[in-house]
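Asker: Below: one structure in structure tokens.
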Amino acid sequence: MTESDRHDTPKGDRRISEGAGASPDESNPTDFAPEEFTPAYTPPLARSGTERPSFGRPAADNKELQERVDNLTARNAKLLDTLKDARQQLVALREEVDRLGQPPSGYGVLLEVQPDATVDVFTSGRKMRLTCSPNIDTETLHKGQTLRLNEALTIVEACEFDTVGEISTLREVLGDGKRALVVGHADEERVVHLAEPLLGEVDGEDGKRRRLRPGDSLLIDTKAGFAFERVPKAEVEDLVLEEVPDVGYEDIGGLGRQIEQIRDAVELPFLHKDLFRDYALRPPKGVLLYGPPGCGKTLIAKAVANSLAKKIAQARGDDAKEAKSYFLNIKGPELLNKFVGETERHIRLIFQRAREKASEGTPVIVFFDEMDSIFRTRGSGVSSDVETTVVPQLLSEIDGVEGLENVIVIGASNREDMIDPAILRPGRLDVKIKIERPDAEAAMDIFSKYLVETLPVHADDLNEFGGDRTACINAMIERVVERMYAESDDNRFLEVTYANGDKEIMYFKDFNSGAMIQNVVDRSKKYAIKSQLETGAPGLRVQHLFDSILDEFAENEDLPNTTNPDDWARISGKKGERIVYIRTLVTGKSSGASRAIDTETNTGQYL
């Protein structure tokens, strides 16, 4: 600044400059330096408010930098994980591409393992000798096993045995024990190899292990010539129920004479074989139980099997609880098959199984229920003549060249007149036992099996006998039987007209059965339960039994309505003069007049 400039400066301005300080260090920096001053540190972000000093870093900036470092570290770790996942996906995709690019594999069935570690395999319709991959141990391979082959026909994997194929019936196992003769469709016979699972024991019907036996159904591969497993066949297993029934003679009422007859026919030959041999007496081969429905034919057959098992166990000194016998319950109608020869085949299998069980010294009872449905008189068929071949098959099994030892055939039927006479002749079904309808004495015995002392009895009924429960139950039974068997107007059931013009009144007692008595007792128990729910007083009363009898009689009102009254009478157990007309006389349940049953107008009803 020149001298003239100093003189030209106003006084006020001079005071301001002098007040700022005389030295340049104390003056304003803008007045000291001709150039702009640059600070040593510039914050990265603009700050609002006053300017910060140019030296040092505050704590807020350090925290912000640390947060940025943490964020970058997290992003870096996430990026590394993403890269790893991408790498794994690339590796998996590469493996998938390599797998898809491989040539297809073939399969074969192992026939034989050679000493030089080569293997005979049946594949693509050819028998070939192949080599194994080093990771295959030939000692662990089994005949019939499925093998996987690569494109060079090298065995690379050992698989399981086949589980699908054709079903054939085993005829016999050949002498070497490794092959079998089987019969396929249309009786085509072939020899097949037995796979490893069939060389030993297989699972039987009862869950026990056993050897293969003729009649077993086998799963086979006809091309490879192998049988892989035994297949349980429902059509045969359902027809034959191997069991030891738990029904004893003491559970059967009113059939004392019939029980004695069948015990003499069945049990004596088994228990006293020496005496029969000394007297040269041949035991009977079969027993026919015939009579009206619901009178205990099946119960007797079961009791025979149970009693026979216990008696033989006792004779041998075995535990009676472990007594063993076989009761083959044959459901007659299910044996019938529309294919020619199938029914006969089932009969052969049944008796073949019975012979196998009997060969162990155990008695076997073959029980044919509803025998008239399958073994009816030859030539009597309307739609088919299936009985012309089924009946001879049974005859040959019972009385053929191949005898039956320890096997008893028991047949049950309510139409014995329809069974072929050749079956009923002596030497086949030798013993014929009629199971009759129960009379009053037998009915009391049957009632005592169901009205037991453990049942709750009403207090009023007990008080009549001084609290004696046994006397009360016996009195109930006597009064109920007297009511059922009374020839009163309330018990009239039918008026029957015979071909000669005679008429006869039939009562409900003429159609009583053990099954009906059980039903009466069950109804009375239901009435006792309902009465207890209504009144709160527990116990069975005589009136409950009387009400049950009325309901049972009323429900049987419609049953005689059949196409042929004579056929109905035969099933019901009434035989003799031919019946041409039936008129119901029930007055309990139906409010209408008595109904007549005419053979000419009522057609198409059930038997």
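From the backbone N, Cα and C atoms, a Cβ is placed for every residue, glycine too.
Straight from Swiss-Prot, here's the annotation block:
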BINDING   Gly294, Cys295, Gly296, Lys297, Thr298, Leu299  ATP binding site
COILED    59-102  coiled coil
COMPBIAS  1-17  compositional bias 'Basic and acidic residues'
REGION    1-65  region 'Disordered'
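Distances, neighbours, how buried they are, the whole picture for these features please.
Answerer: According to its DSSP assignment, Thr298 (ATP binding site) is helical.
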Asker: Quick one: of Cys295, Leu299, which of the binding-site residues has the smallest count of other CB atoms within 10 A?
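Answerer: Output over binding-site residues Cys295, Leu299: least Cβ neighbours within 10 Å is Leu299.
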Asker: Report the residues of the chain - excluding Gly294, Cys295, Gly296, Lys297, Thr298, Leu299 - with C-beta within 8 Å of the mean position of the site's C-beta atoms, for the recorded ATP site, in sequence order.
Answerer: Leu289, Gly291, Pro293, Ile300, Ala412, Ile435, Gly514, Ala515
Asker: Select one residue from Gly294, Gly296: among these binding-site residues, choose the one with the most other Cβ atoms within 10 Å of its Cβ.
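Answerer: The largest 10 Å Cβ neighbour count belongs to Gly296.
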Asker: Which residue, out of the binding-site residues Lys297, Thr298, shows the minimum number of other Cβ atoms inside 10 Å of its Cβ in this structure?
Answerer: Thr298
Asker: Between 0 and 100, where does the mean pLDDT of the coiled coil (59-102) sit?
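Answerer: PLDDT averaged over the stretch: 88.
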